[in-house]
Structures are given as C-alpha cells and as structure tokens.
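Worksheet: one structure, shown below.
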Amino acid sequence: MKRTRKPGITRRSTLALMGAGAASLAAPWVARAQAKTIKIGMPTILSGRVAQLGTSSRNAVMLEVEKVNAAGGLAGRQIEMVIRDSKGQPQEAARIARELVNTDGCEMLLDGEASSGSFAVHEVARDLGVLCIHTCSEASSLTADPKQHIPNAFRCVRQGIHDSIVGAGYAAGIAKAKGLKKWATCSPDYAYGRDTTGEFVLYLKKFAPDVEIISESWPKLFQPDYTEVVTKILQAKPQALYSCLWGGDLTSYIDQANIYAMFTQMEVFAVNMADYTALTVVKNLPKGIHSGDRYIKTFPPTPENAAWGDAYKAKYNEYPTNWSWQNATAVMFLNEAVKKANSTDGKKVAEALTGLTIKCPFGADGTVTMRADDHTLVGYAIGWGTTIPQEPYVPDVKAGDWKTIFELEAEWKKSKGYT
Amino acid sequence: MDLDALASCLASPACLVTQTTSGLIIGMLLFLVAVGLTLIFGVLKVVNFSHGAFYMFGAYFAMTAYQFTGSFALAILSGAVGTAILGLIFERVFMSRVYGRDVLMQLLVCYAFVLIFDDVVRMIWGPEFRSMGMPAAFQVPPLFIAGGVVPPYYLLLIGVALAAAVVLGLALARSRIGKVIRAAAHNPGMVSALGINTGLIYGGVFALGGMLAGLAGALAAPVRSLTPGMGFSVLIESFIVTVIGGMGSILGALIGALLIGLIRSFGSLGFPLFTEGLMYLFMVIVLVSRPTGLFGKEVA
C-alpha cells in the first residue's frame, strides 16, 4: 500500500510548532530571569553597643537602594537587601556571610562588618569568590597588605592610615604651637585600634620630632568601665592624649573622663569624636576636643553633602553616621559599576569597579575613586577640627591634602613591605 | 609589664589616693551586683545567671526616670524599686518553678531570660547605645586629696554602696526578718513547718537581690553607656567576686569586690596588658588555696 502524504500538519511542521510552543512557554521564564531581583547580603551589627552604627549603615543603604530601584534597578534588576545581625562577633559575621550567599542566594556582599569581623568576612569572600564591598573596616592592612588582596573584594571606607596622616599633620601643628611634647594614647585593643594609633604616632613624630609617648592604654573593645584607664593617664600627666575609641566606647570614656576633669588637664585628640553618633549622645560634650571628621553635614561644605544629610534626617529622624556615608557610597559605586559593565555578573562588576571614579557628595572635590591597585577608596573628604557642644559641633574643619596623603601612604606601604 | 610605674605610684601619696579611689569605685559597684547574686545563691540555692539583666534594667529605669523628672534621686529610686518589682515578678512567675531542679535546668532558664530581657530592652529603648548624662549637681571639678584626683560623684557612689553593705549586714544579722532569712537558707523545711511563708521569703530575697543590682545599674548610668546586653560583662566579674569571696557570703562579696577593684586599678599601672588576666589569676590562686572561696563554708 502506497503511503501518501496527507495535506496539513507534517512532522516537520509539528516539530516547528512544538519548538515555537516551547519557546513561547519559556519566554516568560526568560523574561522573569532577566527581571529577577538581585539579592545583596549585608552582615552588619544590629545589636550591642555598636548597633546604632549598624542601623545607620542599613538606613543609608536603603536610602540609596530605593533611589536605584526607582530608577530601574541594577541593569534592570530590582535590588533586594538581605540584612542580618552579626552582633559584632567575627565568627557570627563569617557564618552569616556564608549563609547569605549559599542559602539566601545573595550575589554580592555589602558591609562586611567592623575591623574585628571584616577579616573573617574577607576570607568568606575569598573562599566563595563573591563580590564583596567592605564598608566599615578602617584597618589599613585589610586592603594595603597584598596578602589580603583578592580581585573580588573592595573597601569603600575611610582608612586608618589616611586619618593618621591628616590627623598627625594637624596635631603636630598644635603640638608645635602649644609645646605639647608629652603624649599619651588610649585606643581599643584590636586591629583597628592598634594599627591606627601606631600610624598616628608614626606621623606625629615625623611632623613633630620632639614628641614623646609617655603612656599607652589599650582597653578592650566594648569595655564597660574606663576608670582605671582614666586614672592611669592622669597619673602619667601627659600634655596631650590621642584616642581612636569610637561609638559607645568613646561616649562612655568621655563621660568617665569628664568627671575627672581630664579635658581641662590636657589637649585631647579623639579621631572618632566628630560623628553624630557620639556628638549627639554625649550629654556634656566638652568644648575643644580635636577630632577627625566622620560624618557631619557641614564637611565637605557643599550643597550636595548638606542635602544628603538632610534627606537622611528627614527619612530617619536622626543624623547619619560615618558608616552611613560609607555604605551609601558603596551603593553608588555598585550602581555606576553595573552601568559601566552593563551586567550584574560579579566578576564583570568587580572589573568595572576597579579604578572607577564616581560623582559623590562625600568627595573632597565632588568625586571619589576606587583605587585600582589596592581596591580601596580615595579622594573622600577628610579633615580635622575642634568641637563645640552644639550644632554644627565642628564649625571649622581643616581639610587634609590628598597629594600629601598619597605621598606618605606610598612611603608607609614601602616601609611595611607592601609594595 | 611596667613595674617601675607601679613602684613609683606606690611611693606617691597622690597616685595612691587616685588609684585607691578608682579601685573602690570599681569594687563597690561590683559589690552591689555580686552581693545580690550571693544572697540569692545563699538563700535560694540558685545560680542566678540572669542577674546582670537587673543591673541593665536598673540603668535604663534610672535614665528614663531622669529624662522625665530631671531628678537624680528619683532616677536612683526608680532603678532600685523598679528592679525589685521586676525581680519579685520574675521569681514568682518563673524562677519559683525551677527550685530544687537540676542546676543545668536553672542555668538554661536564666540564660533564656538573659536573651529575652536583652530583646525587651531593645524593643523598648532601641538597639543603639544611650547616655544618661551626669546630673548638674555633680558637674563640678574633682577634689584633690593629697594631690590625688577624686570626683565627687564617685564619693557618692562609694557612700551609697557602703551604706547598702552596712544596712544589709545589720539587717541580716540583727533583725527578725534577717534571722528568718538565715533560717530559711539553713533549713527551709523547718521554717515552713513553723508557719512562715517561705515563698514570700524567697520572693523577697530575689527582689532584694534584683534591687541591689538595679541600684548598681542606676548609679553607673551617668558614667557608662547604656546598651542592651550591658549586664553580661558585669555578671561575669560579679561571678568572679562571689567565687573569690565564697558563694553565699556577704562579707566575702564585699572583700572580693574590693580586692578585684584594687587589683584592676593598680594592675592597670603595673600590668597594663594583663589587667583582665590578673583578675582571673587571682581567682585561680584563691580557689587553689581555698576551694570554697575566702569566706565560703565547707559543704558537708
């Protein structure tokens, strides 16, 4: 019997139809995949004495993420922040970071905790290969030490070495003018405290060779009582004191030092004082404490910075902190890097981030740069001034010079064997 | 190690005054927390691991009362009375159910409440650290005694803690209620058989312990930042004090607290990087030589 081909649906056309059907069925999935939200994990400190800083980090991130999402998201993908409390514990920060990537499906990590935990999160980023932007750790070695370097990790934070160069230059000027030769130090006993204090002293002695450190105190992080430290410093009778205590530790210390009238007995240089976290919490803020700027809306003295500070205050009914601007800047960097890469792929975004310069309200000249050779932030506004007990708290900030910072930082890196 | 600094301090009256006062301040605050802990253990035979939370609540109650009234006296009173009421409720509703149970069960219940209390504080007062501020009356220059620096507020703090120690010691030794408490600690069955409500005694002792920790928190509030979880480090040091002094001994708590205060104060000069370690080392030495602590009684 002769097989005749029936008119109508052929095998070829059936396959074509099936293919078209499958394609049409798959189209929404493909579309969904392209429009799928991008999850960004954020292990940060939301409880304990540093919780205010962690909360302010989250607030700043959400403020910027809302802007990015309203403008269409990262390469068309809406950002979904997955934020977890690390409680300020390194092992918990590392565990959470790993869980955010492996279990929650986060494609990037933001924040990475304070210096006490950032090195642990850094190792997780190294292990998982996920894009990580540290936004809180100021310990210089995190990015300056080549052993720590990984292509997928960046640090969008002011740095201890930068602060120390500018602060020491400022302090040396006052030391020379007032004859302050005997100095004491009092800083928290962990990576940031040790590194930053060592760097400050290094440059203080470089700029004012007569200076001598006659007393050192290293209270542990989150220590509740500083009485023994305060009296030890008073016994040493220094003419000036440097401290990089911060947050609740700094306010506790000031409250306890205040009743010993410490601030009338010596010049105090507390690098972390000029942040609203400390400025607004200390009830009896002594006049005349020298401090580096952390976040204040009057420095850099630009309309963009003031507007950002006001927008934050309008939304959260409090002023932002040093961690706020750093986290906000990280989201700005991510947004620009994704635009440049035209992709949300971690590797491509990392490549785009390297050496990227963006417009930013916190830049010394209106821009900040993610330096290519060590993946760290440069060009941000940095300066020192003296406190008064009411707004604007630090009325006159003397800006640091980035040319000097770069020169001395390069020397420092060489001396540490980093280059 | 800086033994020269320690030696020169011991030879200087000014330094001796400053460091001794500093040691007394640390010690007396610790004593107030530790004595509540040791009292509760002595009478109720419970290792109250949640005791640090009462110190925390005392500080927060005081800060809130000070914000609303501007009265420092009311702030201190609120810290003490508030935690006494809280202690009574906590004991009647929860702790009374685990008396005589395995010590592990008691510890677990207490630890669960450490976390719960921290979260309660976080919900009410927020997670960020807070500062009460020094009352205007104490915003005065420090006193200089023999060249040593002594802040007037710390004199008040030492005075209040010493008064609490004396009143507590006398009340337990001389008053009828004190005798009943001591009897309940020694033989609760006999006290109960005599028609005395032991539940009331237990509740009262727990409330008293909570009140003393709350008083310490309220007194510390003007000079320490307040944060959820702030009771934990105080609790650890208080345990060290009670262990050194002997669990259940009020005199032991006083001596232990003062020794720890002085070790910290002078240790910070001679052993600046080993101040914490000195405290633990001292505890080890005491326990090796006297396993029941300095004033603890041998258990038959």
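Even glycines carry a Cβ here, placed using N, Cα and C.
As recorded in TrEMBL:
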- B:24-44: transmembrane segment (TRANSMEM)
- B:49-66: transmembrane segment (TRANSMEM)
- B:72-91: transmembrane segment (TRANSMEM)
- B:103-125: transmembrane segment (TRANSMEM)
- B:153-173: transmembrane segment (TRANSMEM)
- B:194-219: transmembrane segment (TRANSMEM)
- B:239-262: transmembrane segment (TRANSMEM)
- B:269-288: transmembrane segment (TRANSMEM)
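Highest Cβ contact count with the transmembrane segment (B:24-44) among the listed stretches B:72-91, B:103-125, B:153-173, B:194-219, B:239-262 falls to B:239-262 (criterion: pairs under 8 Å).
Counting Cβ pairs under 8 Å that are 6 or more residues apart, the transmembrane segment (B:49-66) and the transmembrane segment (B:103-125) reach 3 or more and are in contact. Between the transmembrane segment (B:194-219) and the transmembrane segment (B:72-91) there are at least 3 Cβ pairs closer than 8 Å, counting only pairs 6 or more residues apart in sequence, which means the two stretches are in contact.
Packing against the transmembrane segment (B:103-125) from elsewhere in the chain are residues 46-50, 52-53, 56-57, 60, 64, 90, 94-95, 226, 228-229, 231-232: each is 6 or more residues past its ends and has a CB under 8 Å from a CB in it.
The stretch in B:72-91, B:239-262, B:269-288 that contributes the largest number of Cβ pairs under 8 Å to the transmembrane segment (B:153-173) is B:239-262. Away from its own ends, the transmembrane segment (B:269-288) comes close to residues 1-3, 5-6, 9, 19, 237, 240, 243-244, 259-260, 263, 294 of its chain (Cβ-Cβ under 8 Å, at least six residues beyond either end). With a threshold of 8 Å between CB atoms, the same-chain residues lying at least 6 positions outside the transmembrane segment (B:239-262) that come near it are 20, 22-28, 30-31, 34-35, 37-39, 41-42, 165, 168-169, 172, 185, 279-280, 282-283, 286-287, 292-297.
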